[in-house]
Each structure stands twice: as structure tokens, then as C-alpha cells.
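K.L.:
The feature domain 'Histone deacetylase' is assigned by TrEMBL to 40-328. Per TrEMBL, the feature substrate binding site maps to D111, G161, Y315. For H153, the entry in TrEMBL reads active site, proton acceptor. Look at TrEMBL and you will find D188, H190, D276 tagged as divalent metal cation binding site. Residues or ranges marked as region 'Disordered' in TrEMBL: 390-423. What TrEMBL lists as compositional bias 'Acidic residues' is 401-416.
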Amino acid sequence: MDSGAGGGGNSLPSGPDGVKRKVCYFYDPEVGNYYYGQGHPMKPHRIRMTHALLAHYGLLQNMQVLKPFPARDRDLCRFHADDYVSFLRSITPETQQDQLRQLKRFNVGEDCPVFDGLYSFCQTYAGGSVGGAVKLSHGHCDIAINWAGGLHHAKKCEASGFCYVNDIVLAILELLKQHERVLYVDIDIHHGDGVEEAFYTTDRVMTVSFHKFGDYFPGTGDIRDIGYGKGKYYSLNVPLDDGIDDESYHFLFKPIIGKVMEIFRPGAVVLQCGADSLSGDRLGCFNLSIKGHAECVRFMRSFNVPLLLLGGGGYTIRNVARCWCYETGVALGVEVDDKMPQHEYYEYFGPDYTLHVAPSNMENKNSKQLLDEIRAKLLDYLSKLQHAPSVQFQERPPDSELPEADEDEDEDDDDRDGTWEVDFDKLSRVKREMVEPELKDLEGQKANAENARGFNTAAEETICAKALDVDSFSVDEPSVKVEQENVNKPVD
């Protein structure tokens, strides 16, 4: 299927859900070799398990399979602070004892350990997400997939929650070169805090996160956090309690996302498919089936808007592989057999050796009344948005075109692609509007505690401004290389 010229949503075919989509799939065979350390729940090996399932189900032959080109320093610095990227590049397990102050400053060492090949791992997973965005922007595919990406907690100057660089923010910045508006949807059990924070003050990116809220990492994502300034009502948070099942989840997901698509009218959508929201996850407490989780992918696909699918959390790795394999089938419009084919990781899936697993009988703590209140509140927020905002979309001056960037990474060379350059001096600091005064008191207590620990939070925030100013972004031809090679020849 030819998706037509251009990268806009209108280039995709309308019509029934069964229409095949052109899918690009990014995978680096090395990704499964990275190891966070003994006992750590994050296991990149799950990406290799997913790939093996895709191969043995015969799904790879229906997609263009691409090895991502590693993101360069300058690519990562489009969002992240230069000194943080330099730190990630230089730190090793052998040298970390000499860098204790830096480790603390950048929040690296416990949840986010230093391991062999850490920087290459970051370059690989970020390269897949940015590469997917480039492919979508050029109209080369309808759906791009990078299961190694989706690391949504990373901040501009620090690691967080197993995430070091925020590939999602980098991919969205790439999509903003081509599209006036980009929608980000997050179905990981944890709040998509890093992405929300980056775009909290703009109306060009809308973020919608469905997550467990209440005494749960990262602690953000209150329903009252809705964006600030021009970004007010462009951040939506759907706080959920333990045991949510497929029916309750979609009672919220479908009407909210349906209304977002109608009102915001994005040119592209990024869906973070964290699989820790599945039933039986090692760190999670939701009760979604794989089909219930994948229904989010099916629903987003039905809008016929360029779609970037990313991974994220997921810590019962046999179920992560099951889920992302099935969701790749959904992207392709192929219903995969429940009976699992023999492959190199077959023993992980016993005793049933099936793709689908039954949800548990755990209690659903999300009452009908609670769900009704959440749905009404969020639809009310959406009613306050005008239809697609009028955004000044500037053409790029023709004389600023750069030659193909050379692969040598010279740290002193700062001739980054001009449209990527964000004026960090003009970055607005995030000020969350607190609805109730006691929340202000809590903030005050937190600030006092941080000052007592020797942090000057105001100075820290000024140095490391949180929200990106994306309003001045212009249309551009990317200088990023997308892939090194086809891992296998695409089948038309």
C-alpha cells in the first residue's frame, strides 16, 4: 500500500480498520545484550524475545525491518543538557567511584545504574524512536514501531525510573518539524512525567497519561495537572487505582481519546505502550489482558493518522514479549494465532505456550462512581479547548540548510541543525496551578525539606529549565540518518 505523498494525516487511507498499513519496524540485534545488573527488573532481553516471536510468527516479512542509526550527541542535546549527555558518554562501571558527586547530581546509580555499554544503549533506543519519527514525517510509512523506546521518565538533566534519555521527547521534536500538532498518549502504569514536563507550556503537543496514582512512582499525574500558560488544558492525566480491568479502562480511554482526536486534530500520534499495566506484572497492579491493552493500539490506528508505537515499562518479560508481538500484529492488521510457534525462547512461555494469558480475579478498586467522575472531569477540560489551535507555522529560511552532518562527534562542534536549536534562555519555568491551598502547603514543606538537604531548588530550576519552548519550531528537512541498513528486505 502506498501511503501517498507528504507526512500529514490526510495521506493515509480512510476506511475500515482492516485496511493494511505500511509499517516500519526498528530493531538492533545488540539491544538484548545490555544488562542493568543482577536483580534489576528492567531487562532489555525482553526486546530480543519480542523480536524472536515476531520472526517465528512470520510478521517480519510484512514490515520494513530497519536497524536504527545510533543517535549522536547533538541529537540527544536537542532536549538534554550538554553536561548530562557528556556524563552519560563518559561514565563506566570502572570510573563511577571517582564521580560520586556527578552520579548524585544526575540521579544515576540506584534505579538507573551504570552498566557496560550504557551510552550505546541510549543511542540505540533513541535512534530507533527518532528514526521512526523521520520515516513517518516523510510519508515512508503509516506506522513506525520501536519497542526498545518509550523511556518516558528521563528529564532534561537527570535519569529517572530506569530511563536515561527521553527518546519520546526527541521523537516528538522531530515530528514537530513536519506537523503543527502532535499527540502523546501513555498507557504505561506509571505517569509519563518526563514527556508531560517537557511540553507542559505549549499547545503544539498534547499529552494524555493513563496511570496508577496514589503512593506510586513517580508521584505526579494528578487529574488537576492540566498544563500551564499556552499549554493549559493540553496536559491530561487519568489517575487510576489498583485492579483496573479492560472494561473500566476503555470506559475512559475511548471517549477521552476520541474527544482529544476530534478537538486537537493532531498531525501525528505517539503511543507509549508500556506493558507494566498488564495483569500479573512484577511491578504493576493493574489487571489488563493483552487484548485489552492492544485495544488502545487498535483504537489509535483507526484514526488513520501517522502513528509511532513505542515500548516502555514491563517487568514480567514473557508477558511483555507476548503483548508487543500481538500489538505488532494489530499494527499490521494481522490477527496472530494464540498457539505459540516453537522458537529459541519457547520455554519462557510454559506451561500453556499461548500468546494470551487470562487476567486475574483481583479486586477492581476503580468504582463506577470514580470512573464517572474522572470521565466527566476530563471531558469538561476538553470542552474548554477551542478546536485545533491556530499555530503560527513558519517556513524555514532556505539559506540555513546544513550539509549532511559528519559522523565524527566533535564535542566542540556546535553547528547543530538550526531548527532543532531550542532557545534555552527563553524556556519558561513550569508553574503548576494548584487548585487547593493545602497542595501549596505541601510544596512549601517539600521546598523546606530540600533546602534543609542543601538544595537551592529555585537556582536548580533556573539552570535546568523544565519545559521546552517549541512554538518557534519550523518545518525542516531532518539531518538525522534514519537507519544503517535493512535488517531484512521489505516485502511490498
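All positions are counted from 1 along the displayed chain.
Backbone N, Cα and C define each Cβ position, glycine as well.
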K.L.:
Starting from the Cβ of H190 (divalent metal cation binding site), draw a 10 Å sphere and report how many other Cβ atoms land inside it.
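P.N.:
Step by step: centre on the Cβ of H190 (divalent metal cation binding site), count other Cβ atoms within 10 Å, giving 27.
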K.L.:
For the binding-site residues listed here (D111, D188, D276), which one has the lowest count of neighbouring CB atoms within 10 Å of its own CB?
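P.N.:
Comparing Cβ neighbours within 10 Å for the binding-site residues D111, D188, D276, D111 has the fewest.
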K.L.:
Counting Cβ atoms within 10 Å across all protein chains shown, which of the recorded positions H153, G161, Y315 comes out on top?
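P.N.:
Per the Cβ count within 10 Å, the most buried is H153.
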K.L.:
For Y315 (substrate binding site), find which of the recorded positions H153, D188, H190, D276 come within 10 Å, Cα to Cα.
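P.N.:
Matched recorded positions: D276, sequence order.
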K.L.:
With an 8 Å cut-off on Cβ distance to the D111, G161, Y315 Cβ center, who else from the chain surrounds the substrate site?
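P.N.:
Near the substrate site, beyond D111, G161, Y315, sit P41, M42, H153, F162, F217, L283, G313.
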K.L.:
Measuring Cα to Cα across D111, G161, Y315, which the record gives as the substrate binders, how far apart are the two most distant ones in Å?
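P.N.:
That value is 14 Å for the farthest Cα pair.
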K.L.:
Rounded to the nearest angstrom, how far is the Cα of G161 (substrate binding site) from the Cα of D276 (divalent metal cation binding site)?
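P.N.:
It is 13 Å, counting Cα to Cα.
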K.L.:
Around the divalent metal cation site formed by D188, H190, D276, which additional residues qualify by having Cβ within 8 Å of the site's Cβ center?
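P.N.:
Leaving out the recorded residues gives I189, H211, G274, S277, L283, G284, G312, G313, G314.
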K.L.:
In the predicted model, what is the mean pLDDT computed over the domain 'Histone deacetylase' (40-328)?
P.N.:
98
K.L.:
Take the C-alpha atoms of H190 (divalent metal cation binding site) and the residue listed as 'active site, proton acceptor' and report the distance between them in angstrom, rounded.
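P.N.:
One finds 9 Å between the Cα atoms of these residues.
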